[in-house]
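Contents: one structure, followed by commentary.
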Amino acid sequence: MKVVISNKAYFKPDDELWDYCSKQTTYHIETMTSKYPIMYKNSGVVAKEIKWIPITRLDLLDAKGIKYELVDKRTLAPVDIPKPKFKLREEDQLPIYEECDDTCIINGKPGFGKTILALALAYKFGQKTLVICTNTSIREMWAAEVRKWFGFEPGIIGSGKYNIDPPIVVSNIQTVNKHANNLSKVFGTVIVDEVHHCVATTFTNFLEISCARYKIGLSGTLKRKDGLQVMFKDFFGYKIFSPPVNNTVAPTIHRYSVPVELSGNQNVPWALRANDVYNHPEYRETIINLAHLYVNMGHKVLIVSDRTELIQTILEALTQRGVTTYEIIGATHLDDRLKIQEDIAKGGPCVLAAAQSIFSEGISLNELSCLIMGSLINNESLIEQLAGRVQRIVEGKLDPIVVDLIMKGGTGLRQASGRMAVYRNNGWKTITMTPEKAVQLAKIAFGNSS
């Protein structure tokens, strides 16, 4: 039997083999909100006899003892990529670089240096490379790394630009999808940052049409709340590199009880119940006071929230108290974001309040040392991603702190219990901040005048 691989693996199976392959690439995912499992299918019919499965699932044919002739029509686009100026760490990055020779996932915690390793692999494979990012901020971070380590200007797709001439091109996923057909056979290597999003429609659209010879997925977590991580192998195969945790400091979790109830009334939409918490004066005052406390202790504090009005209210109050503040939200211009990050890195203690969607993934501002989660979070991977923003090692930086706010009521306590399980699983120290401990901390921050 002949199997042709390009963007997918195309073949002519008999009914028995196709029934097996079809079942093995069909997933039934249980959800909390649906009475029945949701079905996802990652195989299909091209014509009466021609079927397709993911390239990375040829193991299904091997499992049935099928002998086949492989015709590889994937894109190879050799280019000269300059040798990068960085040096890989021998204890964790270099072994992966030496072993990696095909499509795979690199599952490294924040601080591991996934960006550097991926750029090294782009150099190793020597193929015209496309880096796909979740947003423009991360895209600009990748572009800056290419300039810094390779000494050339990368191509950019997005923000009104379409330059695919350089050997490395960086784009955000939304723009790539618009040009998917034209780009499907241009690149020999595709690197997908924050690959845990890859089973979302916006990512699968391009991955399913791309004929790139090498596909590399990067992520700090391979967990998804919806369970769709079972499909990762259909896009990046079974090879997963999970390096040990290095180059980071484990945070200490300071847990504060907030006298605000999170309603458990299922008849009220979640967004409205969350709004009741976010709009509560006690909740807002708690975040303001804690941000003021930790900045006075010398921290560079990051507050994340998914409510712009809450971010702006908190920053206004802190500014009135004389605290140096910064804001990064969706409306913040890209150049302004970069300038803010530069000012924070060079400056003293401050508070940065930012949109959670921007800072939950990939933004590297290593000088941040304290995280205040200003949203109601009950998602293991999101907690780990956010905590990673303050875990990176920088000379002179204070030991990282993550501030956990515990709401009243059964729902609030259940969420707090879920977050506590994440902290335990990661081996992070937790401290319950009783009123007495909070007073002691305030005396350290503000002196006896507090």
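Using the three backbone atoms N, Cα and C, a Cβ is placed for every residue, glycine included.
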Residues flagged as motif 'DEAH box' in Swiss-Prot, choosing from 113-116, 193-196, 261-264, 341-344: 193-196
Cβ packing number for G111 (ATP binding site), 10 Å threshold: 18
Proximal but sequence-remote residues of the same chain as P110 (ATP binding site) (Cβ under 8 Å, at least 6 apart): G220, T248, E384, Q385, A387, G388, R389, Q391, R392
Sparsest-packed of the listed binding-site residues (G108, G113) - C-beta count within 10 angstroms: G113
8 Å Cβ shell about G108, K109, P110, G111, F112, G113, K114, T115 centroid, ATP site members excluded: G220, N247
